[in-house]
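Among the features that TrEMBL reports, repeat 'Solcar' is placed at 87-158, 168-251, 281-365.
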């Protein structure tokens, strides 16, 4: 039953954070329109002595959104149109904690915030574009999480039963997470490949059927498994996540057991212990443990996500995992390997929090509400 709870939690998180997922995928791409817009703005700064004027902002935005109709007007008309109809995504720069550096382009401090990226997508493609790839995401999240947690639990129980490795040791969690990640990635890679292609499509509203047909016609069945090597490398992220999560969960349990309330419950004073039930603090602790462990894991293993997105792009520039990493490093520097990291971290915190909160809430509703002790201690078991 736990796998069903995790699938529901994952679906809720995927729907809420889909716009950030689209922004992150676009930033990871080699053809990111955000990066190109930033480069044009920086060129305007250089040509005017470093001053960011309203004229430059409007003019650059107009260039980024120009259509074939612009070629039918003379230069004076284009200049007038740029001041009236230009996009507002590149406004005067304001300090923002959500700023995304222009990775790999230069050492310029100019940046585009996540909010500006979202506005750019809405203005150029419509609000529906923020949810591109949501269909495959919803279809894939349930079986992906079900397969993952099932494989994780089975492997963990088997290793604990065999007795070769100390039960519930970090090595057990590492091997369980590795096995679960390998099985889940292999089974669901075609779904995520389709999702990425749809999120990268900024020119037309491509349906799932059209996307599948185009991939199959150009590359066959093997085309749906492009980037699978990067996904296997990404298992390290899941391993780090679960090892840290299990350690934090164990530490939190020890702290609760050593608290005065737990000691009072052990001595039979149920009134002092608050009947031993779960409180909002318990839910917040598990949410914080999940978000903390996932954040650390994401930072450490992030370059594999950039490589995976590049491998799933159309074209033959990126052929395999290591060649892709080397190409990005040479052309964009080490910062290019971390494109979209800011968006990933912002997306990951609410996504993990939503998943953990939904998981605990569903368990609480479907089990005996009068016995809060039946609630599971987390999603990692």
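The backbone N, Cα and C atoms fix where each Cβ goes, and this holds for glycine too.
Just so you know, TrEMBL annotations are computer predictions that nobody has curated.
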- Message: Quick check on the repeat 'Solcar' (281-365): DSSP residue counts for helix, strand, coil, in that order please.
- Response: 72 helix, 0 strand, 13 coil
- When pLDDT is averaged across the repeat 'Solcar' (87-158), the result is 71
- Task: May I have the DSSP-based helix, strand and coil counts for the residues of the repeat 'Solcar' (168-251)?
- Result: 71 helix, 0 strand, 13 coil
